[in-house]
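Have a look at the structure below, then the notes.
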Amino acid sequence: MCSCYKEIDIIIVGGGHAGTEAAAVAAKMKCNTMLITQNIDTIGQMSCNPSIGGIGKGHLVKEIDAMGGIMGIAADNSGIQFRTLNSSKGPAVRATRAQIDRKLYSSLIQKILSNQKNLYLLQQEVIDILVEKNKIKGVVTNAGLIIKSKIVIITTGTFLNGKIHIGNKQYVSGRSGEFSSIKLSQILKEKFCFRINRLKTGTPPRIDLKSVNFSKLESQYGDTPIPQFSFMKFVGIRPKQLPCYITYTNKNTHNIIIDNIKHSPIYNGSIKGIGPRYCPSIEDKVVRFSKKESHQIFLEPEGLNNYEIYPNGISTSLPLNLQIKIIRSIKGLESANITRPGYSIEYDFLDPRDLKLTLESKIISGLFFAGQINGTTGYEEAAAQGLLSGINAALMLKNGSFWFPKRSQAYLGVLIDDLCTLGTKEPYRMFTSRSEHRLIIREDNADLRLTEIGRKLGIIEDDRWNNFYNKKNIIYKEIKNLKNTKILFNKEEKNKINLNINKSGSITAEEILRRPEITYNDLICYNFIKRKLKDEEIIKQIEIQIKYAGYIKRQEKEINKKTYYDNIILPNEINFKKISGLSKEVIEKLNIFKPTSIGQAIKISGITPAAISIILIWLKKNNLMYNK
């Protein structure tokens, strides 16, 4: 072995969506950072669907952008169709989703990283980690390189002991056509005793664009004006916008699957890993929803200069000959040719309960994990974890501090709290329904929630900060102006817009805007106010803050109650067996989950209010009642 590199501050293992965010933010925080990946050309690659965002996921992308991350900007510059989902519903569940030119996206990510100061790229496979006295010291590569570092972040995605299944064929791979990382998985499990389990995910076959009969299909176009992920104004020329197309499976499709279900690795026992509940294979859909006559399929373009179509909704691991039959049984795809077969992939993942909320390991100091290795599914969940791990790795080096958002601050807070407190037995996907504070942590206010924090952490550059600061001031001043603008009505005007006003015949502009049917622009049309803001995003923000003020205050009161328990620390060295009055079940669960606060302990199934009271009394009695 040879050691020909000077000591690096932070090493990131893996160049996917978690690894790229971790590398970018760590380098931005002036740490000497190295990203090691098996193939530099596939950095930032979209392994499965050519899209970013969606319900819950779009919220994460907005939060990443608000904190100075790179996914949002890259998506805005490579998007070929943008839509706002749930646009007719309330602001809490509205979400941005974009179809992405996958080649353009990865090239943009690579360009951002190549231009980032303090960041070095290395094409190698990491096969071991160096540890002394439970502290990380570096990594070992397959070429025999020893690279010393103060911190290591592992972001291996599905590559950790990955195995691909197509029918009865199986082969070791981290992604189709790429090597799996077997030795690193063995080291983590056998040498360092991490709890390692198996998960499974899948992808549909790709279809030759030229072989699709689009005249038989329903078109779906993007929104105008085009929504975006980044809070920075888009500058430049957008890529050409393309439609998606909709088709459906049918009785013939379902019969092919049912008649050949024994050839599915999911149903013949070949696959042991648990797959994503909210992104099931077409085999699962047909079996589990047997009374359903059809399933919707979205035919999504893979890019402007790409000849392939991604059929979203028919992930499968059936043999290739059956995949062809299934595809050709569908309207518009009767003559379709498959360019790449669909497959399922099993891979190892780490039990996230072995991690702190910073995503640092509880077992080895200075070792972080982020992305699918922690049991999540999706680019957005991975990228959010990468950002958090990179921030905390840099903070640890600088002054030993740390940062993570609470559940009431961000969907990222919900994500890490769910994972690190409760763990997961299936690929974890973010939804707005996972948050009990979704009216507070909306897509539209991600910058108002997080950009100031990012500035304090040193990851928000001046142009973004100035943009945010101006926006925040405009919103604050305009809401104040609306509250102070009193309007006098005569009887005719009052009846015209059906207003209930007080006896004096006056009402503020803010009170009028509270009404659900009144918009900010209505105030101008009725000559209630003379000024006019031009920025539609600022106008929307003002409307939301005023119209939902009562509901928001109610949620804030609930948050304050929960914060008390979240702030009471449970010391690492606490021995729950010594706390008299706790049942064996409670002690067992506390030792398994290892909560770091009373707030975390409360969320564990089986931990009773009585048990929490006993622990609180014990902490007070032993002078261990510390707040964060």
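Here the Cβ of each residue, glycine as well, is placed from N, Cα and C on the backbone.
According to Swiss-Prot, the protein carries these features:
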type    : residues                                       : note
BINDING : G14, G15, G16, H17, A18, G19, V126, S181, Q372 : FAD binding site
BINDING : 275-289                                        : NAD(+) binding site
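Feature map: Swiss-Prot annotations on the structure.
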| residue | record | DSSP (3 states) |
| --- | --- | --- |
| G14 | FAD binding site | coil |
| V126 | FAD binding site | strand |
| G275 | NAD(+) binding site | coil |
| E283 | NAD(+) binding site | helix |
| F289 | NAD(+) binding site | coil |
| Q372 | FAD binding site | helix |
Rounded Cα-Cα span from G275 (NAD(+) binding site) to V126 (FAD binding site), Å:
27
Rounded to the nearest Å, what's the C-alpha distance separating K285 (NAD(+) binding site) and Q372 (FAD binding site)? Just drop the number here, would you?
24
I'd like to know which of the binding-site residues G14, G16, Q372 sit within 10 A of E283 (NAD(+) binding site) at the Cα level.
none
Taking the residues G14, G15, G16, H17, A18, G19, V126, S181, Q372, which the record names as binding FAD, find the longest CA to CA distance and state it in Å to the nearest whole number.
18
Neighbourhood of G275 (NAD(+) binding site) by C-beta distance under 8 A, where only residues 6 or more apart in the same chain count:
L199, K200, T201, G202, I266, S281, D284, S344, E426, P427
Under 8 Å between C-beta atoms and at least six apart in sequence, can you list the same-chain neighbours of F289 (NAD(+) binding site), or say none if there are none?
H295
Which of A18, V126, C279, V287 (the binding-site residues) has the most other Cβ atoms within 10 Å?
A18
Nonlocal neighbours by CB distance (under 8 Å) for G16 (FAD binding site), same chain, sequence gap 6 or more:
G44, Q45, S47, T155, G157, G371, Q372, A382
Alpha-carbon distance [A18 (FAD binding site); C279 (NAD(+) binding site)] in Å:
20
What residues, ordered by sequence, lie under 8 A Cβ-to-Cβ from R277 (NAD(+) binding site) and sit at least six positions away in the same chain?
E426, P427, R429
May I ask for the distance between V287 (NAD(+) binding site) and A18 (FAD binding site), taken between their Cα atoms and rounded to an integer number of Å?
34
Neighbouring C-beta atoms (10 Å sphere around the C-beta of E283 (NAD(+) binding site)):
25
